[in-house]
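Remarks on the structure that follows.
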Amino acid sequence: MTDRADSIAEKSSGNFSLPLIDPEKENRLRRKLDLIVLPIATLCYALNFLDRGNIGNARSAGLVTDLGLHTYDFNIGTSLYYVTYLIFEIPLALLIKRVGFIVVPISSAVFFLSIDKRLMAYSSILMFGLVTLGTAFIDGRGGFYATRVLLGLTEAASMPGISYLLTRYYRRNELTSRVGCFMLIAAGSAGGCKPLEHTIVDSGPYEQLLVGGLLAAGLLRGQIGSRSSWQNIFLIEGIITIAIGLVLIPIFPTDPERTRILNEEERRLAIARMYADQPQIKDTKEGVNRSLVKRGILDVTTLTCVWLYIGLGIFLPSILKLNYPEASTVRIQLLVVPIYATATIVALLFTIGCIKLRMHWPFSVTGGLMTIVGYSIWISTDSTAKQSRYAACFLNLTGGFINGPVVLGWAASNASPDTIRAMVGAVVSGLGGIGSIAGIWAYIQTDAPTGYHKGNSFNLAMASSLCVGALGLLFYQRRENWKRDLGARDYRLQQENVEQLGNLHPSFRYIY
């Protein structure tokens with residue numbers, strides 16, 4: 001922040017004095033948050049990924065045949081999940097903002113407000129696990145559609161809830177690396193086609209990795225009673241979700257003001273960090289109002305990140321089966337593991353780079369370029385180039401994994417005041433889910449003989465647009481920072497509710 005920005009912040013805060021922070025104590029607190037809050041958030045998101053992505057493994061194990069699904073039934077069911085998710089994500093994000101980090105009765109997120117909310121938390125965790133568990137007992141198209149709708153409904157608060165929680169504990173320049181940790185480690189350990197809120201499961205049945213992929217491979221080999229192997233996947237993973245969810249209920253952190261994971265001194269320091277990070281605001285948690293909700297949806301940074309997220313939603317089709325038609329289901333599962341492991345490690349290093357350089361755009365563009373190269377390889381080769389196409393999968397997924405947390409971190413680190421921070425995860429991942437819906441219909445089985453040429457070409461175009469969008473957002477934010485340095489936005493200090501200007505405040509500087 002420039003000297004001029006510091007001066008404006010001091011003037012606009014009136015008699016409000018910024019707290020002094022001991023760097024050594026702050027470092028200790030940050031380490032504690034990294035050892036408690038971040039692992040819990042990661043585990044919760046991993047459970048979401050595990051239960052969301054298992055539909056791809058179930059498909060490979062015979063779900064479509066056993067349920068009598070026709071050509072487009074699987075795509076329709078998968079689309080229903082994303083449509084439901086998109087509809088409910090923003091309302092649930094505002095509900096979390098209004099009432100606190102609770103386990104909302106229709107949410108999968110492991111949030112609670114106080115000890116009095118445990119009954120609500122208990123019933124909601126059971127609800128989330130039971131959706132997955134109940135999928136093991138469906139016997140037709142109607143049951144398949146119903147469970148996909150319920151899953152979209154119960155998961156709609158997970159991404160906005162967890163990302164909002166992190167904005168309540170971490171400074172702006174700390175966010176992207178933490179977002180990267182919970183998204184990438186969760187995705188890398190549990191499974192998913194991308195490290196975000198949506199997994200493309202229609203284009204092929206092999207979206208799991210590491211724990212998810214290895215667990216599915218084991219369940220596909222084994223036998224539990226007389227049930228089909230795909231039913232075993234839902235049965236066991238549903239039980240795992242319920243068990244872990246119940247353990248997490250009493251320890252999941254609430255707001256810094258009330259959390260039991262910090263002592264009184266640490267709570268005061270956590271709150272002081274948020275004030276010091278954005279000195280232009282006097283209240284770190286203002287009430288919800290229509291004006292701020294509208295701003296949260298129409299914010300230039302948020303809408304641009306929505307577009308970048310839409311591109312991510314259709315990046316990696318699971319086309320390994322097309323590349324290795326003779327391979328068994330279990331072998332395909334194992335071929336997936338090194339791709340996702342590599343993508344996770346590389347992307348984690350990139351998110352650390354974001355915090356070191358305090359920049360997002362070079363990493364976003366690099367991820368987009370990787371994806372462009374990967375899809376270009378697929379389009380320009382035929383089925384005999386197995387090794388080249390397998391290598392392209394590494395580029396495709398690594399590019400997507402890099403951009404996932406970078407895009408969300410880019411949006412979250414520039415979101416202010418609190419209402420907009422609460423909404424940004426929902427708006428970006430919710431509206432960005434349009435890309436996942438498009439991806440479902442971009443890879444139709446009837447196009448497999450062409451190597452999914454249409455879908456791959458579409459993804460190539462989206463990857464190109466992602467690079468253009470990232471550079472455009474860089475230009476906008478640098479220009480805004482320049483104008484604020486010149487005083488071109490000082491007129492906003494004459495408005496009412498200056499403390500709610502947030503990222504429109506003359507002292508606010510974008511982290512691009």
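These residue numbers are counts, starting from 1, taken along the chain as shown.
Any Cβ shown, glycine's included, is placed from N, Cα and C.
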Self-check item: From 95-113, 209-227, the residue range that TrEMBL assigns the feature transmembrane segment
Solution: 95-113
Quiz item: Is the transmembrane segment (33-50) in contact with the transmembrane segment (233-252), using three or more Cβ pairs under 8 angstroms as the rule and ignoring pairs under 6 apart in sequence?
Solution: yes
Exercise. Among 33-50, 145-166, 332-352, 359-378, 390-411, point out the range having the most Cβ pairs under 8 angstroms from the transmembrane segment (456-476).
Key: 359-378
Quiz item: Cβ pairs under 8 Å with the transmembrane segment (145-166): which stretch of 332-352, 359-378, 390-411, 423-444 has the most?
Solution: 423-444
